[in-house]
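A.B. asks: According to TrEMBL, the record shows the following:
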TRANSMEM  39-62  transmembrane segment
DOMAIN    40-482  domain 'Major facilitator superfamily (MFS) profile'
TRANSMEM  106-125  transmembrane segment
TRANSMEM  131-152  transmembrane segment
TRANSMEM  164-189  transmembrane segment
TRANSMEM  195-216  transmembrane segment
TRANSMEM  228-247  transmembrane segment
TRANSMEM  253-274  transmembrane segment
TRANSMEM  328-350  transmembrane segment
TRANSMEM  362-381  transmembrane segment
TRANSMEM  387-408  transmembrane segment
TRANSMEM  420-445  transmembrane segment
TRANSMEM  457-478  transmembrane segment
Amino acid sequence: MGSRYWYWNHGRLANMSQTAAIHPSAHTKPQEAPKASGLLLAIILVGQFLAILNVNIVNVATPTIEADLHSSGAGLQMIVAGYTIVYAVLLITGARVGDLFGYRRAFLGGLAIFTLTTLVAGLAPSTGWLVASRLVQGAGAALMMPQVLTLIQRNYQGAARGRAIGLWSLVISGGIVVGQALGGILLGFGLGWRIVFLLLVPIGALLLVAGLRVLPADQGGHGTGLDPWGLVSLSAAVLLFVVPLVLGRDLGWPLWGWISMALSVVAFAAFVRIERWVTARGGRPLVDASVLRAPGMRPGLAILLFGPATWGAFLFTSALHLQGELHLSPLASGMMLVPCALAFGLVGLAWPRLPARLQRPLVPFGYVVAAPAYLGLGLAAGGGLPYAIMSALIGAGLGVQVAVTNMATEQVDGAYAADASGALLTVMQLGQVIGVSTVGTLFITLSQGHGTVSASLVSSIAMAGLAVVAGLSSLFLVRRRVPAAART
């Protein structure tokens, strides 16, 4: 059909061409920010922080978990990776659940699941209990996380929206660094592995109470169905891709892993065909294709694939190098990442306060800083002050990523916020997994034959290359002209 042909589907206006999800319209204009907007933002961002914290906070605790629970190597892998696998697989589904049943219900429901399973993990009497709790914890995080960006997009406008999305991006990337550092600090004080879970339980409980009082009431479901075939095909595609990437390195990259990744391409192709079929029949697809065609989304997704890939690779290889080659304690290695976290945070907080004419050009400039800093990191493998300086420069350079999400979603209609949120979060998570698996494998392979100093240098070159690709992608994003209406 042509671009002027529209249809009504259970009260929701949809465009059969490419434009429905792009420009905000009267019926989907974002709500005015509620009176408690500051508290609302604090609640959802702290919830997001808890979910992100759990990606890496367990990494440094695995030796003590192994000693206490007598865990096998496979058990330890699932304790660390199970959360990430379930989280990555269910992110887009979580976004659609919020669209169907209400963002408040989905956020609080996900937070409740996350908090309860965190308590179970902290009290787990065996490896099996800990693995099971981590899997369900990942599902709770996947239900909670997409609602954060969706609530921001639907409740904030103009400059307030830009600041809120900047903080959202800051928590996403900064929380990973803080998780790794905090895990090392807690264990460094001899508090045991259980504290990395139990510390989060009262925070989650307080957020639940506050969220029930502050989060705006849901106005009924916005979707028309969960698109079960799209859900099955996309979940299968992500699962088939993520599992071998997460587990393959420790298992020696077995044949089944390569077959699984090949099948993920088939599953994704099936997903695309299913979504086109659902759209042609007048249904609501799991991910509306017009969202991905919105100006800025495709370069934004590319940046959020390669940028987080460098981030995940850096955190993984730095932990191996600092503790393996330099023999630093978990506390000391965690403290070595503090300059990176501080620089990232300062840049992320400063960006929304800069004049509008400077904000967009700073994105590629950030990667101009980050790429050489990665190379410098390989030359500063001896640790100490040079390593801390390079780490801080990496954090400062990647801190500009806080701008990418806002720029990528400027022209996405608020009614399709869940689609954009699920897509962005999934791509970011996949980027981190790809970075850890590829650069991490390169680092481990080289360190076994040549030592971690040589491995650090080569892996730093790889991370710099990924940063260059992210920077080149950002040029397509910042060159795009944005209508004034989309910025207000």
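Heads up, the Cβ atoms here are built off N, Cα and C, so glycines get one too.
As the structure is a computational prediction, the values presented were derived from the model and not from experiment.
Please situate the listed features within the shown structure.
C.D. replies: For the transmembrane segment (39-62), the list of distant contacts is 76, 79-80, 83-84, 87, 107, 111, 114, 118, 134, 137, 141, 144-145, 147-148, 151-152, 155-156, 164, 167-168, 171-172, 175-176, 178-180, 182-184, 187, 193, 196, 200, 203-204, 207, 210-211, 214-216, 315, 319, 330, 333-334, 432: same-chain residues at least six beyond its ends, Cβ to Cβ under 8 Å.
If one looks beyond the transmembrane segment (106-125) by at least 6 residues along the same chain, the residues whose Cβ comes under 8 Å of a Cβ in the stretch are 44, 47, 50-51, 54, 69, 94, 97-98, 133-134, 136-137, 139-148, 151, 194-195, 197-198, 200-201, 204-205, 207-208, 211-212, 215.
Counting residues 6+ beyond its ends, the transmembrane segment (131-152) has Cβ neighbours under 8 Å at 40-41, 44-45, 47-48, 51, 54, 58, 75, 78-79, 82-95, 97-99, 103-104, 106-107, 109-118, 120-121, 124, 161, 164-165, 168, 215, 405, 417-418, 420-422, 424-425 in the same chain.
Sequence-distant contacts of the transmembrane segment (164-189) (same chain, at least 6 residues past either end, Cβ-Cβ under 8 Å): 41, 45, 48-49, 52-61, 64, 148-149, 152-153, 156, 195-196, 199, 308, 311-312, 315, 319, 329-335, 337-338, 340-341, 344-345, 348-349, 351-352, 395, 398-399, 401-406, 409, 428, 432.
Cβ atoms under 8 Å from those of the transmembrane segment (195-216) belong to residues 31, 34, 36, 39-40, 43-44, 46-47, 50, 53-54, 57-58, 61, 104, 107-108, 111-112, 114-115, 118-119, 121-123, 151, 155, 182-183, 186-187 of the same chain, restricted to positions at least 6 beyond its ends.
Within the chain, the transmembrane segment (228-247) has long-range Cβ neighbours (under 8 A, six or more residues past its boundaries) at 77, 81, 84-85, 88-90, 92-93, 96, 253, 256-258, 260-261, 263-265, 267-268, 270-271, 274-275, 278, 285-287, 426, 430, 433-434, 437.
Remote same-chain partners of the transmembrane segment (253-274), defined as residues 6 or more beyond its termini with a Cβ less than 8 Å from a stretch Cβ, comprise 227, 229-230, 233-234, 236-241, 243-245, 247, 285-286, 441.
Residues 55, 84, 87-88, 91-96, 145-150, 153, 172, 176, 238, 241-242, 245-246, 248-249, 253, 287, 291-292, 294, 297, 300-301, 304-314, 316-317, 320-321, 405, 408-409, 412, 452, 455-456, 458-459, 462-463, 466 of the same chain lie 6 or more positions beyond the ends of the transmembrane segment (420-445) yet place their CB under 8 Å from a CB of it.
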A.B. asks: Give residue numbers and ranges for long-range contacts of the transmembrane segment (328-350): same chain, 6 or more residues beyond its ends, CB-CB under 8 A.
C.D. replies: 60, 166-167, 169-170, 173-174, 177-178, 180-185, 187-189, 315, 318-319, 322, 366, 383, 387-389, 391-396, 398-400, 402
A.B. asks: Could you please provide the mean pLDDT value for the domain 'Major facilitator superfamily (MFS) profile' (40-482)?
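C.D. replies: For the domain 'Major facilitator superfamily (MFS) profile' (40-482), the model's average pLDDT rounds to 84.
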A.B. asks: Quickly jot the same-chain residues contacting the transmembrane segment (362-381) by Cβ under 8 Å, restricted to those at least six beyond its ends, or write none.
C.D. replies: 303, 307, 310, 314, 318, 321, 325, 347, 351, 354, 387, 389-391, 393-394, 396-401, 403-404, 407, 452-453, 456-461, 463-464, 467-468, 470-471, 474-475, 477-478
A.B. asks: Who are the long-range neighbours of the transmembrane segment (457-478) in its own chain, taking Cβ under 8 Å and residues 6 or more past its ends?
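C.D. replies: Result: 296, 299-300, 302-303, 306-307, 309-310, 313-314, 317, 360-361, 363-364, 366-368, 370-372, 374-379, 381, 397, 404, 407-408, 435, 438-439, 442-443, 446.
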